Amino acid sequence: MVADNSEKSTKSVANGSLISTVSSKDDLPNAIIVTQVPEDVFDNKQDKANFSSLFTQIEKDIHFDFLRSFRRVRVIFSSPENATAAKLIVQGFSFKGHELKAFFAQRIYMSANSQMLSPPPLEKQFLISPPCSPPVGWEQTKDMPPVVCNFDLMARLASFAIDEKYEVHNGDELTPAIIVHPCETPIDVPSAIEMPRTPRPSSPCEQ
């Protein structure tokens, strides 16, 4: 009795899982795959039309996928009820001496979320060549002018006119004026300081 109860509970669990998986009508398959299809169906237009009429009598607007390499045909219906009716008709049906077999095909769900890589966000897309229209409200930034020291500029200009004096800072009531009087470097002044040479130490032979 214990074994029977466990077996019944196992069946109930299995049935419960089966019911939960097909609780929605959208989970049922709406397509079948017909196997052992004669080669004449793929080559002869009339045989293909006769084969298609087996399913168009159930539903007119259906889709066929003729898989010649596998000798199979996938038939997609609009509802699971029509797919079930077509499977019952085709299963064991003899067509041009070949017994057809059919089984349900897995339902294909078209997802709106693409698994492909998406383009970059729009805030920097206008910087990519070729440039496109910038976003609304975007304004061109102005570059800051170069910072030039007046003292350095005046010193550079004064180097070209040695004989002329130039005023670095204008004097006012609180600070005196700064005037630079350039002068030429005397010719006899050495350009560099001479460093004394270190004598070479004597060798043992010289001693």
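The first residue you see is number 1, and the count goes up from there.
Backbone N, Cα and C atoms are what each Cβ position is placed from, and that goes for glycine too.
What Swiss-Prot records for Ser129 (among others) is site 'May be required for inhibiting calcineurin activity', and it gives experimental evidence as the kind of evidence.
Residue environment of Ser133 (site 'May be required for inhibiting calcineurin activity') contains 8 other Cβ atoms, counted within 10 Å of its Cβ in all protein chains. Ser133 (site 'May be required for inhibiting calcineurin activity') falls within neither a helix nor a strand when secondary structure is assigned with DSSP, and so counts as coil. Feature annotation from Swiss-Prot assigns site 'May be required for inhibiting calcineurin activity' to Ser133 (among others).
Long-range neighbours of the region 'Required for tax-6 interaction' (176-181) within the same chain, counting only residues 6 or more positions beyond its ends whose Cβ lies under 8 Å from a Cβ of the stretch, are 158, 165-170. The region 'Required for tax-6 interaction' annotation in Swiss-Prot covers 176-181 and is backed by experimental evidence.
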